[in-house]
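Features as listed in TrEMBL:
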- 3-132: domain 'Glycosyltransferase family 28 N-terminal' (DOMAIN)
- T10, A11, G12, N120, R156, S179, I224, Q269: UDP-N-acetyl-alpha-D-glucosamine binding site (BINDING)
- 173-321: domain 'Glycosyl transferase family 28 C-terminal' (DOMAIN)
Amino acid sequence: MKVAIFAGGTAGHIFPGISIAEKFSKEEVIFFCSSRKLEKEIFSNLGYRAIHLNIDGFRGKSLTQKILWPFKLANCCLKAFTLAKKYKVDRVLLMGGYVSIIGWILSKVKKLKLYIHEQNSILGSANKLAYKSSITIFTSHLLNLPNEKLTGNPIRNNFLNKNYDANENRNKVLIFGGSQGSRYFVENLASTLDSIIKESQIIFQTGGNQPKFKSDNIVYKEFIDDLPSLFDEVKFVICRSGATTVAEIQSYGMPAIFIPLKNSIDNHQLLNAKAACLEGGGMVVEEGESTTEDLIAAIGELQSSDLTQMSKKMKKDIHFEAAEIIANEIKQN
């Protein structure tokens, strides 16, 4: 058995794929991902065979780029077909991102068993194309689709069996906008946060966005690969609300202020954030003209709250066995 896992674009697609891959031997898995710097860094030390395909998104491209995109797709498909044959791939798992379109085409042309995992509360573009062809589509939210199996979002092993306790060693506040960072966060929030968060060091993941504001109290990092360990030092986080980010925060039980991406497809980040905060484990601040004022108010409320109780409310309703359930289904079918 050889499973080809197609995942790319953001860590939100990649890390759940890695969580599932951990339930197989390394010889049973091959990853196909994009050629971005992020993917190369993530896979550099994991021990998995990772094929980097020169494919990216279609939306927001120039007319010339859109005209050339099908030719780029065809070239990537040819490379994937050749390597899938070489490594005797017989199962395909799509995790999302435009690279998953190649996996879907591969499964159709070569008649390989196809499985899908959807992290969000709505289908992503690639999964929307492919789900009718799948044996099973694993979901984190009930979508009422044929062949659907509700599993939740696979969580990295080092996030499991963690517990939040509001002790004096938690002396940091973490700001991150997903694996690619958030230009909006870097450009608009750094100075405000520095002015109101005085008793904790601020760790700010930039995703490559260059900060102009400098402060002795802010440490900028392009990408944080060991997020679980950093969580052990953090009081609370301020972040976007992609599905994997939310699932990992819920798994840990980390008090959070979510600022959903304003233009996320079908506003899914806002839906993710509101669902996570229903019990009072976090707060939602919508991106807009009053974001700064609303964020200041939310931080003030959070700092005066019982963070241990917020953690307990955030940690509810987590599917800890998702990766194992998905892996077993793929192995048995």
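Just so it is clear, glycine is given a Cβ too, placed from its N, Cα and C backbone atoms.
Curation does not apply to TrEMBL; its annotations are automatic.
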Can you give me the same-chain residues 6 or more apart in sequence from R156 (UDP-N-acetyl-alpha-D-glucosamine binding site) with a CB-CB distance under 8 Å? F15, I18, S19, P228, E248
Would you identify which of the binding-site residues A11, I224 has the most other C-beta atoms lying within 10 angstroms of its C-beta? A11
Of T10, N120, Q269 (the binding-site residues), the residue whose Cβ has the fewest other Cβ atoms within 10 Å: T10
Determine how many residues of the domain 'Glycosyltransferase family 28 N-terminal' (3-132) DSSP places in helix, in strand and in coil. 65 helix, 28 strand, 37 coil
